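Novice: Mind having a look at this structure? Questions to follow.
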């Protein structure tokens, strides 16, 4: 290798390493296949061991059979019987197997006869041709010299023959020998003629060359085998070849050694390998045939001679000796080594069983033992492998393989045997042909015919599907066999190479590499030594120079890298700064453009509003006098109207003056369009009724400056007196109508917006003779209120209530007059009142009418610009629109824009612009995120003033009482806390989103884009705060009654009521319920067994209790009986008699005696008749009431609080017993249960019976039978097994209800009347149960109440002071109704929208209210309700900013829960100490 290669580190060994790695991968693959082969051999060996065990068992069975005599001698007959059965079964199975073998043999014979490829005539023609060629060849043998033998043809022929010999291994020898002569008649000469021909061929063989004779024989044999495909003939040929395998010829091996053609070596080796396998199979077949064949027809065809038997034995010995050397080869598809699942070869014709001869069994076991041994593959088929050429660069290796000659040894013997047999046969056939056909001419004719037929046959045989024929004439089967043998040999060579020579080649390559590397090292060391010679002189200088050079190169590289990086960063920075600067300039430019756009729109709107407001003087009407602006505003009357397209204006180039002029032109144009619209509406009517124009006052649209000077008095037809501020509102509304402008009357709730709007309608009818048509749209809850108010204040108006069913509305539409734009006093109607629902339903009809004035009460119903209400009402044809609302802003500024766009679509046409002007700043300020821009707020008020009028109560109404708002904070109870925590844990990941949703409140309630699941979750949390029973109510518990109830109790009761006295049916009712189980006792058992024992036990017990242990027995207690006799005047032994009487009768008699004694005492004092009557009266009424006060308190406060601790699951009366056929038992049971004295004493006497006894029969009351002695239960809870839920527990389980219970007690005590608002109707149901329990008088109004019922409920509340509580739904009962009879408002749960609650509380705090109104709001601390309340305060602040122009502190008192012993009262709520920092604000 050159020095430059070493210095450049060129490694030529790299390619070698890659090649070796590929060889190693191939070796790993082969090793895995070898392991698989070893596993398969182990598996086979295990099977052979199992076979040995079975054979041993068979041997033991034979011994057992041989010992049968001993068993008989020992008289063990039972075991012999069992063995005989076993032998019979074995014999039966053996017979079945023999039948199956005979069936197989018959089937194989039929198949062999059916397989004949060519007809007999064709075979005869071909045989004639071959005989003539053989005769010509034999004649030339004597003249020809030594020629080469074409070994591959003979080998191929032999391979075909050997394969043919293997094809019939299951037929018997006698059958194969008998089938030799079956194909043709030429073989009938017998076996002796064949021996003679063999001797003749041997003599001729001495004078000819062995190689040429073999060649001729091979060619002839190839043709003969092709002609004779009979199975029996191939079997004989295979036996002959196998018998001569030991006599191999060395000359043939020498000829094979001299051949240099590698292909011939490979072919011969492949054929030899196949022949080895065929010889081994052939030897096994011969061995099995010798063991199992039976001679048949010995005279005609003997099986074999002695010499052939000896040769067969030698063949077997040779096969056994060479078994370890020869390795079986198959094709890859049938390779046993690599295909363990391959099928085993079919067994021989006869099977060795346990009944076979001992030598056969031994021989079979030896075969099995030999088969069990793993074949040794250490011997290979070639002598050596040498590497002739190895090129690492081309990845190529050349190997020279030297084959062993042991294969040729067998081949030579096979060739000799085949040659001898064929020569003998050909001579015989040639001789016969010569004798039969002597004429030469005829032979030539036949030859020509045969030649033509042969040419046709050759053409047929040439097509072998592209397989190699090696120049021979062979069949497709032989060609396939040759190709397979070639492939097997080639594959086996590579297998042996992979198994044996890979490691050796690998070691050789490694040795070459190590040698080469060593040479490289030596060379490099020599080069280094030579190089050091001239470096040693200045080594240090060179070393320093190299170090400095490396350092300089490194520093230079770092410098340039740093320089490039800095330049790149500077360039990026400059580009970024330029981009940011351009972006900033563009943003500034765009912001200026947007500012100019907004300023243009604002200026346009301000000019319009300022002009209208100056004429209408809204500020003066509101009571807020504002100084005149110094700003020079354009006069819209002198400014020429012009429509300037907003998008066509160049805001970049126009200056402020030009933009302001264009804004004034647009404002003037909007004013002109508004006037033109109103004028067109009036002109249409003027053209229609020109005759009435003189009587009407004309609207002055040409001189609008005089509109502000108009002062309107109260209409005379208005049947009420307007207050001063209401009269100002009337002037403002009339000016708006004259100007043709729509407006919003936004006075605070309770200031009379309804009466002001009615007064405008009266003003139009009285001064302008405009009687309609007027349209009033209100919520459903205020429809009757509007009808009552209009009919009350303006009786001249004809009202058309437009609601009801579809048919009713269809009838009402007949009163419409669509021809006249203005109605007169004689028109069918003047004012039509309907609801928002009816407007949406009948929008198509209402849009066809032209309305003079449309009033929308509670205009927050159209706060959403996306709703169908807003869109339908906007499309109505109206001269003027008036919106009545106490809360123009409820949630955000978008709702205000919806109202402004509804009244002035030309000015407020874009919500995005309005949002850009005001919404962002005001809403963010309300949330506390930014400061408020006062300039923006001033401009907003300037825009809103002309269109909206709003007065608050404290400015216009001094006589109205105060309003106090109090937030009552409660803590969750134990059950509520658990429920809240469970819900919170289930939604832990989304709890923050739920709280935010609760804060967004009305946006969700209004049907926003929030997730419905979050809304449901918020409602669940609110339910927990209200009451836990909203989820699940406590059940009523009662035991299962296993009872049969009486079905005629009603009839019995009626009979009692109609009877004149006591009847026996009274007692029957007590036992009307019986047990379904009836037990019947046999009479004999009852009388002979049960009754005597019972009587004896009763007698013994009575004797012990009444005699032996009794204190009233004179024998036991003589002294006490004497004293008692002296005191009572009874005889000495009377006490024992009394003591033995019935216990219940003694109790009844005792009560009679005590009653008589008290009566006697009273008779002594005064007149008997008077005193008895008085005592009875007083004893029944006054005296128990006075003397039983302590008992009542004891029962009410203590005993009623006691509840059963256990409720049985099942109750049942006693089982019914009766004795079959025993009247005595029935009578005793009836007398015991239905004793009239006892039953009458325990039960009560019915009132009709008492009346008959006292009045008709004149029985004194003191002589009435004793009754009602059955003891009363402890309290109401023990009177029945039915357990009702405790109302006390129902109250204490809710924190809100518990505080409400305390509050209502104080409110009831101080004669307050209460409105309670709810959000959930189900909570209202629970509240009704509570009020019923506390016996509070109440009424209820919710969304399910009908319109007629709502009117009656409101009337009852206003007129009946006995009603303490009015339960209302916030949405249904918070709009448009007057409930001034109440002075206390309680919000059990708050609404999403704070304005809804404000409207609800103003139902009481409004005109007509003379008392102070107190508002309580129940809230639960630490829950979603707190977040909702905080958000509501933010919304209220937005309203205050927009409406009043400033923010004010909302001081609402917040009270906390108190200890249990301290009650919550209104007085305590209003007198909280200042130390708590909770302020209370009085709102007017």
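Note that Cβ sites are derived from N, Cα and C of the backbone, with glycine treated the same way.
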Novice: Could you tell me which of the ranges 853-856, 857-860, 861-864 is annotated in Swiss-Prot as motif 'DEAQ box'?
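Specialist: Going through 853-856, 857-860, 861-864 one by one, Swiss-Prot gives motif 'DEAQ box' for 857-860.
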Novice: Region 'Disordered' per Swiss-Prot sits at which of 104-148, 149-193, 374-418, 509-553?
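Specialist: Checking Swiss-Prot against the ranges 104-148, 149-193, 374-418, 509-553, the region 'Disordered' one is 149-193.
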Novice: Region 'Disordered' per Swiss-Prot sits at which of 643-672, 673-702, 703-732, 733-762?
Specialist: 673-702
Novice: What same-chain residues, at least 6 away in sequence, bring their CB to under 8 Å of the CB of residue 749 (ATP binding site)?
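Specialist: Expected: 886, 887, 1398, 1399, 1402, 1406.
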Novice: Kindly assign residue 749 (ATP binding site) to one of the three DSSP-derived states: helix, strand or coil.
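Specialist: Note: residue 749 (ATP binding site) is coil by DSSP, not helix or strand.
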Novice: Relative to the Cβ position of residue 754 (ATP binding site), how many further Cβ atoms are located within 10 Å?
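Specialist: A count of 22.
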Novice: Tell me whether residue 754 (ATP binding site) sits in a helix, a strand or coil according to DSSP.
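Specialist: Where residue 754 (ATP binding site) sits, the three-state DSSP reduction gives helix.
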Novice: Note the Cβ centroid of 747, 748, 749, 750, 751, 752, 753, 754, the recorded ATP site, then list each other residue of that chain whose Cβ lies within 8 Å of it, in sequence.
Specialist: 886, 1406, 1407
Novice: Limited to the domain 'Helicase C-terminal' (1299-1463), I'd like the whole-number average of pLDDT.
Specialist: 82
Novice: Please give me the CB contact count at 10 A for residue 753 (ATP binding site), counting all chains in the structure.
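Specialist: I count 26 other Cβ atoms within 10 Å of it.
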Novice: I want to check the contact list for residue 752 (ATP binding site): same chain, sequence separation of six or more, C-beta distance under 8 angstroms. What comes out?
Specialist: 723, 726, 1407
